[in-house]
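Written below as structure tokens is the structure these notes are about.
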């Protein structure tokens, strides 16, 4: 590795990170390299020079890289690195192959009922707090994923299976289901009733236990109907059991006592009723016991050469991902760049660890413990909320940890 020039070594550092081989501490200056003829600029005036002030493991202290916006275009290698980074954080091997879209009417209804967002006239989805920034209050708390799965039918289903859903656990076998519900639309047909009376029915939702033959469990609910509308049925137990078995297909049978005689029709998968297609909503959490220490960092403003955070926004339309990522419209691929002189690395709070602070104190006394140099790296990462389709056409709302660089420091 010592024989590699700074620009090649920096590019290798970026690609290894995107492939998941390096941790977030290596996310330093993830920007395209300059042309071979462009020498790195000298250290800023007044700052100590030499290798001690740069991060040789990541291709230099900011001098060996150029920002994407300075290139006048988004570099292909940079975009590919960002793509791999996002897919790895979503635990996806590749981008979902969206061959046929979920009917817009069904998606609009689901988002509206969940108060999750709205669809604009141009077809784009607006989701509160999903603007590409960090989700508020997400750091240090348990991460909650929301999964929306729409009902399907096929010729392989048994005579008893009315509906089935492919519910993904997003690659996590230890998800704990906080709540899961079936949303079912009950439609009222013309029927003569006494004035002020309601139609009272009992809806039974049977869910099949995989591996137990014809064994079914049931959830019952009495429903008083005055008009057509949506109703929810708790199926938390069924979804939790599904996740624990490592399976994805949920088979349901819906039966309604007195529905026929009272002219009540449960709407299943009907081409003429796409806006009323049944769907399942799952809220699951995966606890994170790690604690982060808040540190303050500089913002790159064009006037400082010290370690700072550079903001950079990538529109998903530019990389052709707006077909499977519903919201947000883009990603803040912020990164860290700049030099790390010894006096900055030794300031309490700017180092990422106690070990780093001790090493820097040795340096300042002239007792260098070896060829260990400071890097400008993220010291605070935050979560990002995303709403997207997975391979099974589930709509997934997920708080993805450690997605956005919030602050940078020297370590």
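In case you wondered, yes, glycine gets a Cβ from its N, Cα and C as well.
Annotated range for region 'Disordered' in Swiss-Prot, selecting from 27-69, 70-112: 27-69. Counted within 10 Å of its Cβ, the other Cβ atoms near residue 308 (disulfide bond) come to 21, all protein chains included. Annotated pair residue 307 (disulfide bond) and residue 410 (disulfide bond), C-alpha to C-alpha distance, rounded: 7 Å. Taken residue by residue with DSSP, residue 307 (disulfide bond) is part of neither helix nor strand, so it is coil. Neighbour density at the Cβ, taken as the number of other Cβ atoms within 10 Å, is lowest among the disulfide-bonded residues 300, 336, 340, 376, 410 for 300. Counted within 10 Å of its Cβ, the other Cβ atoms near residue 408 (disulfide bond) come to 32, all protein chains included. Fewest other C-beta atoms within 10 angstroms, among the recorded positions 97, 307, are seen around 97. The recorded positions shown are 97, 300, 308, 376, 408; of these, the one with its CA atom nearest the CA of residue 340 (disulfide bond) is 376.
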